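First the structure, in the form of structure tokens, and then the observations on it.
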Amino acid sequence: VDTPSSLELIGRLGLALALGAVLGLERETRHKTAGLRTHSLVALGAALFTVAGAYGVIGDQNDPSRVAAQVVTGIGFIGAGAMIRSGFTVTGITTAATLWMAAAFGVAAAMGLYLVATVAGAMTLVVVVTFGPLKPYVLFRRSRRRFEIHYRPGSGTLDALFGGLESVGGRIMAVATAERNGERQTTIDVRGLDEVELTKVLAAIADREEVVSIDHAPGSGD
């Protein structure tokens, strides 16, 4: 395999940097833990490692596939740093995935797969920009779920609960509240969430001091 010219190799690095920067800019505008600089450097670094592995060794001992495999392994540590756990909720998973994709852009660009890298970059950008807003509409057809929350009034419990449900795309369909022995019992029907998402929200609310219990109520589902 003929070694590309230095100018062409620099062009490959430039493409990797540009693709990483575009993806990083999207993360930056959303105030994520890893933004423009991190994604740009990940893509550029992955490309540089790949170029060095493919063309920096004299003879037949160069093996870019091994370098690419090590890039994939190494990016896992950076991706793990982008994720934050708070109680039962883990955030930053999408940002970790975009860092992984930035590394993939770098490897593809470094190998001369210009069109593949560019199209993959466009596809990734479409996913991170459009799939989030579309999620509530896609999930709207999921079964309605009903649960009861017992709590002491006057502590903003329902506001926190409704905010949590809506933040993950839940649609509140019905609310019924009754008072008994100084406590409130509110039955809520929500749609657009799977069991895992609902459980995470309810677990966070259950940790509040004024909440007595949260139970699934009869009549869940359509």
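Please read every residue number as a count from 1 along the shown chain.
Even glycines carry a Cβ here, placed using N, Cα and C.
Just so you know, TrEMBL annotations never went through curation; they're auto-generated.
Residues annotated as transmembrane segment in TrEMBL: 6-26 (among others).
Per TrEMBL, the feature domain 'MgtC/SapB/SrpB/YhiD N-terminal' maps to 13-135.
Long-range Cβ contacts of the transmembrane segment (38-58) within its own chain (Cβ-Cβ under 8 Å, at least 6 residues beyond either end) map to 3-4, 9, 12-13, 16-17, 19-21, 23-24, 27, 64, 66-68, 70-71, 75, 78, 98-99, 102-107, 109-111. Taken from TrEMBL, the feature transmembrane segment covers 38-58 (among others).
The annotation transmembrane segment is assigned in TrEMBL to 64-84 (among others).
Distant neighbours of the transmembrane segment (96-116): 4, 12-13, 15-16, 19-20, 23-24, 26-27, 34, 38-40, 42-51, 54, 64, 68, 71-72, 75, 78-80, 82-83, 124, 128; these residues of the same chain sit at least 6 beyond its ends, with a Cβ under 8 Å from one of its Cβ atoms. Taken from TrEMBL, the feature transmembrane segment applies to 96-116 (among others).
The feature transmembrane segment is assigned by TrEMBL to 122-140 (among others).
With DSSP classes pooled into helix, strand and coil, the tally for the domain 'MgtC/SapB/SrpB/YhiD N-terminal' (13-135) is 96 helix, 6 strand, 21 coil.
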